[in-house]
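> Shown below is the structure under consideration.
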Amino acid sequence: MLSDMNAPQREAVKYLDGPLLVLAGAGSGKTRVITRKIAYLVQECGFDPRNIAAITFTNKAAKEMQERASHLLEGRAGRQLNISTFHSLGVKMLRAEAAAAGLKQGFSILDASDAMSIVSDISKETEKARLRALVSRISNWKNALLTPAAAASQLNDELDVQAARVFEEYERTLRAYQAVDFDDLIGIPARLLATDEDLLKRWQGRLRYLLIDEYQDTNSCQYQIVKLLAGHRGAFTAVGDDDQAIYAWRGADVENLRNLQRDYPKLNVIKLEQNYRSMQRILTAANTLIARNEKLFDKKLWSDMGRGDPITLFVARDAEHEAESVAMRIASHKFEHRGKFSDYAVLYRGNHQARVIETALREQKIPYVISGGQSFFDRAEIKDVMAYLRLVANGDDDPAFIRAVTTPKRGIGGTSLEALGRYAGERHIGLFAAMFETGAEHALPARALNPLREFGEFINRLEWRARTESPRVLLEDLLRGIGYETWLFEQFEPKEAETRWNNVREFVDWMGRKGEEDGKTLNELTQTVALITMLDKRDDGEERDAVQLSTLHASKGLEYRHVYLIGLEEGILPHRESIDGGKIEEERRLMYVGITRAQRTLTLSHCERRRSGRELRDCEPSRFIAEMGEDIQRPKKDGAAPTAEDRAARVAQLEAMKARLAGKVLPGS
Ligand SMILES: Nc1ncnc2c1ncn2[C@@H]1O[C@H](COP(=O)(O)OP(=O)(O)OP(=O)(O)O)[C@@H](O)[C@H]1O
Ligand SMILES: [Mg+2]
């Protein structure tokens, strides 16, 4: 089982004498160590798979690890492993310990936009930027495990003062809704483990060995959980790379790498130095770049994969030209090398950069998938359906109530809802419960109350049936019951309505499948969906041969044969806010992550001009390009005119077209 591992990797897999940190650069096999160690623990050390918990950064990474580990183990053992993200582990603990946390079993999980609108209601703040600042201040407090009272005792500026006021009310509101936000998924379990001795013992007994990937991006709350679960035994393996810490903006703290050494004096640190992913040239460029950052730990990284093709840089006139050029290069490269589309990835700093690339790929009829973009589950129509499901699971979820009761419209107007809200407020109960009280008959006229109660009974019936019937059947009945399809076609143009309806159908299929495969109840599925975050690729259950589009953040841990890093301009990467805020080092790490995703070839690009609002502005190439060293094939000075390469690409494309016409259709094209 360990024959295809090098000596330090093997050592890391076998080491069980205490806490272990594997500290190593990109592509050195850290994730592989985790996957193998899971199998090793079960097969060689007699661990019950249920007692092993592996924690990854995204649901997608968890899924991949699950697949690899299951492959190494026999079927059943593979399924019993706990492989999850910190957030899904948190949900699991909250479900099991709902009572201790003061939550009902069907508690709701609010997403970022729900949280934002609650903060907006409380603060009455209308300015978007200020609202975001409030939300992020509160989130930081929560991640530091501060209560509203503790936060209020250490105010630094005027924003703090306002945020502290909102924070208290925000927490009360969440509890009233029987809801938790994303930070709570980590914070509440951390608090429970820290304060309830029995509970801690129970979980330490259940999760006897922890493996944590991408450790450099844990925040203090997550570290708290690791520490508590691992206890004095320190039964864990953490792997990470300080040069790939890119989530400081979400409260992650590389210091946690150092804290590990402080908190576990017996910590064993193993370093891996051989990279198995990238050609030497790519690696050298990455190393040269990252050498500019202040070093936390000393690391070496080498590869014996051969020098590889030169890294190329091309300069485009503008974003459209850049996108067309990337699409064309991919088409011709693929044709020439007879590869697959899925060998190619286009990586960029911000989500908004995806659109032009999508357009260009679509024009070239090149299939693609986006990760890290607007999630499928963020679409309005999915959130509509989700509002019903949340309400079925949790009648106290007022935001879900309001969305569901008004979509589709049931002739229930704003005035009636306000009256109901006032009444519920006086009685300190949720909207759903309020409308069934006798008192509501005085607060609201019958013509308003009757449709509300009809709606409530509809939800109650679903809630009752959800205890025994399958998610698929319930969803079908729900959609029929509310006439959602008809409503969509009344609201939108036929084409738009159809797209939305298809999305809903896909959602129902996906939920149905999940329900059947994993044997999950409707309520459990509802909580699962809430966890699917921006970082996740749309999980359509099948792997298509498609070019991968991704933000740099979402590309962490992944690898692709051919990588295109686009938009390498000052203001984009490094991002303008980071330049102003003195956070260049984190941007450099982001660039490092991007470069080290590439296995065989790496292509860089930037634009001469870029549209900003209504004007076209000149752009400056990113400083990171120069920082990668000299070994980059740069364009000749007349960058904008078609280069020999551009022409070659065009010729190849014509050839491809001819081949297609001749009936020699290539797979995937
Ligand atoms: N000993 C080995 N022999 C052959 N291939 C290996 C070996 N170790 C790792 N690899 C391969 O090298 C690639 C990189 O490994 P892996 O993804 O585990 O690295 P990583 O350190 O987790 O990288 P990152 O920092 O980007 O997350 C994978 O394709 C993996 O299968
Ligand atoms: Mg990894």
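Note that Cβ sites are derived from N, Cα and C of the backbone, with glycine treated the same way.
Keep in mind that TrEMBL annotations are predicted by a computer and have not been checked by a curator.
Feature table excerpt (TrEMBL):
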BINDING   ALA24, GLY25, ALA26, GLY27, SER28, GLY29, LYS30, THR31, ARG277  ATP binding site
DOMAIN    3-279  domain 'UvrD-like helicase ATP-binding'
DOMAIN    280-557  domain 'UvrD-like helicase C-terminal'
> Same-chain residues six or more away whose CB lies under 8 A from the CB of LYS30 (ATP binding site)?
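Residues satisfying the criterion: VAL22, ALA24, ASP213, VAL239, GLY240, ASP241, LEU272.
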> Taking ligand 2 as the reference, state which of the binding-site residues ALA24, ALA26, SER28, LYS30, ARG277 have a Cβ closer than 6 Å to one of its atoms.
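Checked binding-site residues vs ligand 2; flagged LYS30.
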> Who sits close to ARG277 (ATP binding site): which same-chain residues at least 6 apart have their Cβ under 8 Å from its Cβ?
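Same-chain residues close to ARG277 (ATP binding site) (Cβ under 8 Å, separated by 6 or more) are ALA26, GLY27, SER303, MET305, GLU559, THR596, GLN599.
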> I'd like to know which of these binding-site residues, ALA24, ALA26, is least surrounded, judged by other CB atoms within 10 A.
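Across ALA24, ALA26, these binding-site residues, the one with fewest Cβ atoms within 10 Å is ALA26.
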> Setting ALA24, GLY25, ALA26, GLY27, SER28, GLY29, LYS30, THR31, ARG277 aside, what same-chain residues sit with their Cβ within 8 Å of the center of the Cβ atoms that define the ATP site, listed in sequence order?
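Here the non-site neighbours turn out to be ASP241, LEU272, ASN275, TYR276.
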> Using only the Cα atoms of ALA24, GLY25, ALA26, GLY27, SER28, GLY29, LYS30, THR31, ARG277, which the record gives as binding ATP, return the largest interatomic distance in Å, rounded to a whole number.
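About 13 Å separates the two most distant Cα atoms.
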> Have a look around SER28 (ATP binding site) and count the other CB atoms within 10 A of its CB, chains all included.
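Taking every protein chain into account, the count is 29.
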> How would DSSP class SER28 (ATP binding site) in three states?
coil
